[in-house]
């Protein structure tokens, strides 16, 4: 689009998908609130909401992909998508920043503070150690997760997946479809492997280390941070899988592949979060 | 599920009936939806406020039990912040940004509709929560732990409502940012574009930066409530004060999310009716940006009484006072804009001047509160309530009224009734001050906020405030009547009803064509979006 100015910008026709999505989130919100309070209707509403959401995502993204294939998106639309993905990832960064902030606060301020002399009357046996193992809220003893077992392997897996997705990108830009397909397939595989390993790690933590959400400041930050990261890996893997399927159907070319790049950006974001997790949750 | 079959450029459709609103992809329709929704929420939250003021008319318990009173204060705050003020500014941005910068629509028209349609479900969750066992959330709009880690299902509904509203406002903000950064017409450069566009851009940035943090902190409340974590419980190594840190990291920028768009609106209305360009346009841009950046560094001034170290108190105190500098620049520029202007006092101008005067009162009481030593006395008193109602009612809300009156001719193609408009302004101005000015005295005398009963010596000022509140509330019906009447019977509006208006939207006919700037115009632009020349630009 360089050189000539694009005079028209694509504005979609009216669409009911947003309304369907709003109904989905209403069911999810209400269902979740009822379900966690043990109201019978809750679970059903949750499942309904999730199903409507999946239906909406298929329909909406389907529309977008059809519009893309019909050649409705040009340079300016592509620019919009890129800006939007960048800002979306920024919002995700801030979401994780909140939990990292909490981790640092707990480790640097609240736990040491509770070990101070002034709190000895309240909690005489409290020891300001990390992982925290004393305190009236920690009723069951647990062990911390070691960094150099499964988590280290998972780091390698995720870093390698960053390489494979880049190899796929090179393939796409150079028109080597085989390299693209294998690179992307490999990335999806590594993402899945990461999730399986994390499932294994959680099983190990729950059954052998007795580490739960309720294991005080260590357990809560461990599960909250790794759990939300895991959900993002899951989402990233699904996105990469969809892009892979589209590659196998012959979508994208060297100039026109925003969906691929968005997935790759998202994947790198998930990767960077993991590195921070590895250092601050597992290692230090 | 496209409702209308495609034409080559799309965008020609003018849907009728329900689908026009339910499946909307037109920024004007979606803006209208936002504005009506926010006005409905304004009345809903307003009725709750009147419930509060009715109870406080006299000491003792007259109407509500303390628990229901607390639910009313909580939901009044949440609904006004997330249901009324924020969506109203988003609605204004939807209507105006494409017209002001020469864009065909918002960058993502479908996502725009999702942003809107997520709001009614979220509002419904909040309203429904009054009916569940234990009632609605009653921890105050700030939802402080450990209050919020107790309570019934209403708190969970509130948490999920906040998640949904967060998704809505993040998507809305991405749309605003991308529209401004990517869809400006040729010639509409960043340092020339209208102040409202700048204010919306910076506000959207703040929303994207802090709404995820709010989502995070209420999620931690949720897991503390149901999944055994101890984020805000010292028994497991957490800390209730931690909630306040994370909440106010969101909460303080949130204050500017509700103020910056107001600054933008006023920066158009004052120049128009003073018939002079905005004084110090570039410094306005820099001041707005500085306020936004500083807003991330002042959160703990809400927490001076939590026992933080004196060094921290000093840091947050001085950082807070620093914000008065760029804000002072703005007030100075507005006054300098009026200086030697040829001023006329139509309704939008009245509200804008009311805004400048009363927002400054709220700003000054804010500086008073920023002094840590003073805040220790005033924390959680009615002085704080007076302060933030001066910036939110006489600030944000007055600017919104100004905006609606100012752009009503462009939106509807009809003039509003100037007589009713002026009546609405003077009525609101008087009763607003009757309601909220005595609250300064109540706070200084020691009356705490969020309490349904009070000591006898506070009675007279509370009675004055309650009378003021009911009259103020009643006066908003003048506004509603004016809008409804003018939509059908108002005089037809010319393309440019205001002599001094010079931004791009006034180059369009009134009402603005359903599809404006389908092809971008070539513009010659002065500061603050003033149009000096325009070529091309296709509408239908």
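Glycine too: its Cβ is placed from the backbone N, Cα and C atoms.
The annotation domain 'Cytochrome oxidase subunit I profile' is assigned in TrEMBL to B:12-524. The feature transmembrane segment is assigned by TrEMBL to B:33-54, B:74-97, B:117-137, B:157-183, B:195-222, B:242-266, B:278-300, B:312-336, B:348-374, B:386-408, B:429-447, B:467-487.
The stretches the transmembrane segment (B:157-183) and the transmembrane segment (B:242-266) are not in mutual contact, being linked by fewer than three Cβ pairs under 8 Å (pairs 6 or more apart in sequence). Same-chain residues lying 6+ beyond the ends of the transmembrane segment (B:117-137) with a Cβ under 8 Å from its Cβ atoms: 22, 34, 37, 41, 44, 67-68, 71, 74-75, 78-79, 82-83, 87, 143, 148, 151-155, 157-158, 160-162, 164-165, 167-168, 171. With Cβ pairs under 8 Å as the measure, the transmembrane segment (B:467-487) is packed most heavily against B:429-447, out of B:195-222, B:242-266, B:429-447. With pairs at least 6 apart in sequence, the transmembrane segment (B:195-222) and the transmembrane segment (B:386-408) have fewer than 3 Cβ pairs within the 8 Å limit; the two do not touch.
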